[in-house]
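Worksheet for the structure shown next.
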Amino acid sequence: YINYKNMLHQHMLTLFNLLPVGSNISTWWNFGSMLLICLMIQTTTGFFLAIHYTANINLAFSSIMHISRDVPYGWIMQNTHAIGASLFFICIYTHIARGIYYGSYLNKEVWLSGTTLLIILMATAFFGYVLPWGQMSFWAATVITNLLTAIPYLGNTLTTWLWGGFAINDPTLTRFFALHFILPFAIISLSSIHILLLHNEGSNNPLGTNSDID
């Protein structure tokens, strides 16, 4: 008689206990991997949502309702995409907090690429927030884009260019959808560079112990 359940249990213990990671790396180092999982979830669900979405001010909200009600498993995709965005930010802020606490900012290339990733992620989230074109979407698009007018000399020109006119309208929504679709690919590319730069020197050692003894 072979106890497969016990074998599986032993295999799982071996898998999680004998990972090639030093004892000087704590649970806080999991959040980088979790961010990659979030990125995969958001890209996948976002692609399927984009198939059914209509970037038109008269049809955008209706297309969201259509996804929720008529598209098979559309409600799961929409909710996963929305909740996944919140989870993304929880993970990234925890990831940053760990970096600040343990002094990861001393690795300048990795830190600067990570800072750039955060800025692009915030921009992507903002563009996505506007897409349903409800009251809050319109308010957010108006208020946030108006901040560009504070830029000396170029402010008004940049705002008009982003709006596609002298007020927020259909061209604005089309541009925001295009930007929301393309920026995740910039995030994927920069994430690859971020990981390559990290593996170039290795992660920091908060406990200062020699991991070779493990």
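Glycine is treated like the rest: Cβ placed from N, Cα and C.
The annotation heme b b562 binding site is assigned in Swiss-Prot to His81, His180 on the grounds of similarity to another entry. In the three-state DSSP scheme, His81 (heme b b562 binding site) falls into the helix class.
Note: His194 (heme b b566 binding site) has non-local neighbours Val110, Ser113, Gly114, Leu117, i.e. same-chain residues 6+ apart with C-beta under 8 A of its own C-beta. For the recorded site, His194 (heme b b566 binding site), the DSSP three-state label reads helix. Summarising the annotation, Swiss-Prot assigns heme b b566 binding site to His95, His194.
Cβ environment of His199 (ubiquinone binding site): no same-chain residue six or more positions apart lies under 8 Å away. According to Swiss-Prot, the ubiquinone binding site annotation covers His199.
The annotation transmembrane segment is assigned in Swiss-Prot to 31-51 (among others).
The transmembrane segment feature in Swiss-Prot is assigned to 75-96 (among others); the stated evidence is similarity to another entry. Proximity of distant same-chain residues to the transmembrane segment (75-96), defined by a Cβ-Cβ separation under 8 Å and at least 6 residues beyond the stretch ends, is recorded for 28, 31-32, 34-35, 38-39, 41-42, 45-46, 48-49, 64, 67-69, 114, 118, 121, 125, 128.
Sequence annotations record features per position, and here Swiss-Prot assigns transmembrane segment to 111-131 (among others). Sequence-distant neighbours of the transmembrane segment (111-131) (same chain, 6+ residues past either end, Cβ-Cβ under 8 Å): 53, 55, 60, 85, 88-89, 92, 96, 99, 104-105, 137-138, 140-141, 144, 173, 176-177, 179-180, 183-184, 186-187, 190-191, 193-194, 197.
What Swiss-Prot lists as transmembrane segment is 176-196 (among others), and the listing cites sequence analysis. Within the same chain, residues 35-36, 39, 42-43, 46, 50, 53, 55, 110, 113-114, 116-117, 120-121, 123-124, 127-128, 130-131, 141 sit at least 6 positions outside the transmembrane segment (176-196) and bring their C-beta atoms closer than 8 Å to a C-beta of that stretch.
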Using a 10 Å radius on the Cβ of His180 (heme b b562 binding site), the other Cβ atoms enclosed count 22
Same-chain residues at least 6 beyond the ends of the transmembrane segment (31-51) whose Cβ lies under 8 Å from its Cβ atoms:
67, 74, 77-78, 80-81, 84-85, 87-88, 91-92, 94-95, 98, 181, 184, 187-188, 191
Give the number of CB atoms, excluding that of His81 (heme b b562 binding site) itself, located within 10 Å of its CB.
19
